[in-house]
Amino acid sequence: LDLSNCSLHNVPPGLAEATTAIVVDLTENPLTTLPSGSFLGFVHLQSLAVPLVLECPGGKDSWQDVTVDRSSRLCQGQRNPCNTSVELAWPCPENSVCAPDGPGLTQCLCDDPFHGYRCLREGTFPMLLFGGILGTATVSLSLLLWGTQRRKAKT
C-alpha cells in the first residue's frame, strides 16, 4: 500500500480498513505522530516505511529489523508479542489465549466453550430458557391488562 508523498498530516481513517496489507509506505509525508491504534488488526504487516521523525509502531522491540536511512525508517518482520520471554503487562485471563493484533498489540481470545466478559461464562446462551420466561411473562401481562381494560370498556 503506497501512501508515500501524499501530503498526509495524519494517518487517514480509511487505513484501518486495510488490515490485510503486507507492505505499507508512509514516507515523504509531513506526519508528526502515529496514534497507538493506527495499526490495530494489521497482523499480516511485514514491512512498514515511516518518516524518519517517527518511531516504528509498538517500538523497535515489536520488529525483527529496524533500519534507518537519510529520510525514512523501515520496520520489517513484525514480531508476535505473545511469543516473547518478557511477560505481558496485562496477561490474558484464565480460559483465554493471547493472539497478536498488530505491531506491539495483543488481544485475548476465549477458549472453547468459554465466552463473555473475561471468558468466565461456559457453554452457550440459554436461548430456550430465556425465550420461555420472556414469552410467559409477556402473555401473562397481556392477559392481565386485556382482562382489566376489557371490564372498564363494557361499563
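Glycine is no exception: its Cβ is also placed from the backbone N, Cα and C atoms.
Automated prediction, rather than curation, is the source of TrEMBL annotations.
Since the structure is predicted, the reported quantities are computational estimates derived from the model, not experimental observations.
What TrEMBL annotates here:
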- Cys110-Cys119: disulfide bond (DISULFID)
- 78-120: domain 'EGF-like' (DOMAIN)
- 125-146: transmembrane segment (TRANSMEM)
Cys119 (disulfide bond): secondary structure state under DSSP, collapsed to three categories:
helix
Give, as a single whole number between 0 and 100, the mean pLDDT over the domain 'EGF-like' (78-120).
85
Cys119 (disulfide bond) has how many other Cβ neighbours within 10 Å of its own Cβ?
18
